[in-house]
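Heads up: the structure comes next, in structure tokens.
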Amino acid sequence: MARSTLSKPLKNKVNPRGPLIPLILLMLRGVSTASPGSSPHQVYNITWEVTNGDRETVWATSGNHPLWTWWPDLTPDLCMLAHHGPSYWGLEYQSPFSSPPGPPCCSGGSSPGCSRDCEEPLTSLTPRCNTAWNRLKLDQTTHKSNEGFYVCPGPHRPRESKSCGGPDSFYCAYWGCETTGRAYWKPSSSWDFITVNNNLTSDQAVQVCKDNKWCNPLVIRFTDAGRRVTSWTTGHYWGLRLYVSGQDPGLTFGIRLRYQNLGPRVPIGPNPVLADQQPLSKPKPVKSPSVTKPPSGTPLSPTQLPPAGTENRLLNLVDGAYQALNLTSPDKTQECWLCLVAGPPYYEGVAVLGTYSNHTSAPANCSVASQHKLTLSEVTGQGLCIGAVPKTHQALCNTTQTSSRGSYYLVAPTGTMWACSTGLTPCISTTILNLTTDYCVLVELWPRVTYHSPSYVYGLFERSNRHKREPVSLTLALLLGGLTMGGIAAGIGTGTTALMATQQFQQLQAAVQDDLREVEKSISNLEKSLTSLSEVVLQNRRGLDLLFLKEGGLCAALKEECCFYADHTGLVRDSMAKLRERLNQRQKLFESTQGWFEGLFNRSPWFTTLISTIMGPLIVLLMILLFGPCILNRLVQFVKDRISVVQALVLTQQYHQLKPIEYEP
């Protein structure tokens, strides 16, 4: 049926051969995020999937990125979305990821092996996907200026758009429901999650169609609204309809996100609180180096050593600390005591300057899963900072850099890590830094090993009544801090520049990394043990209540008060929230009872500083104005009196007293 191309037809897009059945979709839209203890910079294997109307995956793309930072262009073919779709597409029996059906079409007439002439025009037939000729005509239809396609959102649309229908009408029951597509009126929306358009021009798709391939690729791009949504793991769905004469054919498709950990940790065996509790291994005798070379052509396969026990790991930390200290300061290791601190914090960080490496793809060490966030409670020095560093931590920054735009991975140099507000990590994602208020400082990790002189240790064993002063404990971070990066430039000429290549320093770094991994495992084991213990206790409680059911339960039989298990983590969290609420209420009550003059000082901190600054000069000026005239008058009167006295003295000096004349009788 002919129609004008200058206006949209006001037609009902519901299938006239079947009534519109109301469909109520109950969807649980949860926010899918990583585990609460994971770092936001952790890299996952992310897969974006495009599904057909039966929720089958027909196209997918994968990559290694942090969650909610990778928004690629999705390029499925239009005919891929029609697999197991309505019969007029011709692919109702076609399985996903199968080859395009039908023989190719030929130019200049039919020939053996060809279905029909590619140049044969499309008459009254609806574009289909079952042959190369049909796919070519479908491409021509979607690229025409007066035809094309439009897309309508599914259940995630606003409530006022409920009249747009369900999957039976491809969510496009009436005009105005479309939010994107390729049509002459250019449908658009400010709230929908995606935009859809053709990925190839018509000229490019012609040859692809003639070669009997999928030749109607789409390009689906995420909008700003879609990038803010974190419920992609449950999937979102749309309907697509062709804008042609008569009834517009259509289909439904969806987009969902799947992610998995690149390095899952699967526990095998028992679940002790402290993992790998093994006795201390006996020291092996030192072997002299052999000059015998292995035969050429036979590579030596490295043997994987079993994981070290707790005692071995602690001893390796002290041994590595001694080797590093002996290499840099041999005079301090002539006679000394190195003590490993048994209480937290077990590690301290030293901020350093260094040159990190920039990667466009996630390196292997960025994909290591971390079930818990490890934080540093003590960081000293000044080093390299990245991100929006708050004023409370700017003292740790010698140089502050802003994160570059784009998706990059900043890997810390060897022997260092990034201490971020979200925890320790070997590499950081610039996308996460740009999306959040996270900041990171480049630090060296040093175990809490204290250095004591022999006099201090001997004094502990001496029985003396004298009270000695508290000794100053030097930690390994104070003695060797900044040696990985900053100490290299400072150690030129002293031999410390070669420390990075020595086996001693590598031994210390390896011991630190092993111990950090075991600390994380211990935290996980403690968490699992507490959960298991609570389950056992609650199960035993239920069993005892059933046994003493006739007596009224366990508490009635024991004649004691009933005790219940409480998750103190949640209680503490709720208590802190209530405490903050009460403090806010008291603060508001206190402010409401204050006068305007008192409140002026509280609301304007700068006003208090201004008053305290100018109050002194103002008081002095006021005193001068009040008592200045009186003091000035007194001073003038005093000067006048002194001048009068001086004038009198001058006048008296010009005259002398005459002697009296005596007359003789």
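Cβ atoms here come from the backbone N, Cα and C positions, even for glycine.
Here Swiss-Prot flags 34-610 as topological domain 'Extracellular', drawing on sequence analysis.
Under the heading region 'Receptor-binding domain (RBD)', Swiss-Prot lists 34-267.
The compositional bias 'Low complexity' annotation in Swiss-Prot covers 281-299.
Summarising the annotation, Swiss-Prot assigns motif 'CXXC' to 336-339. Note on the motif 'CXXC' (336-339): residues 318, 321-322, 325, 449-454, 456-457, 476 of its chain, located 6 or more positions outside it, place their CB under 8 angstroms from a CB of the stretch.
Under the heading region 'Immunosuppression', Swiss-Prot lists 538-554, citing similarity to another entry as support. Per DSSP, the region 'Immunosuppression' (538-554) is made up of 11 helix, 0 strand, 6 coil.
Taken from Swiss-Prot, the feature motif 'CX6CC' covers 555-563. When pLDDT values are averaged over the motif 'CX6CC' (555-563), the model yields 75.
Taken from Swiss-Prot, the feature topological domain 'Cytoplasmic' covers 632-665, and the record attributes it to sequence analysis.
Residues or ranges marked as motif 'YXXL motif' by Swiss-Prot on the basis of similarity to another entry: 655-658.
If you look at the motif 'CX6CC' (555-563), the same-chain residues 6 or more away from its ends with a CB under 8 A from one of its CBs are 548.
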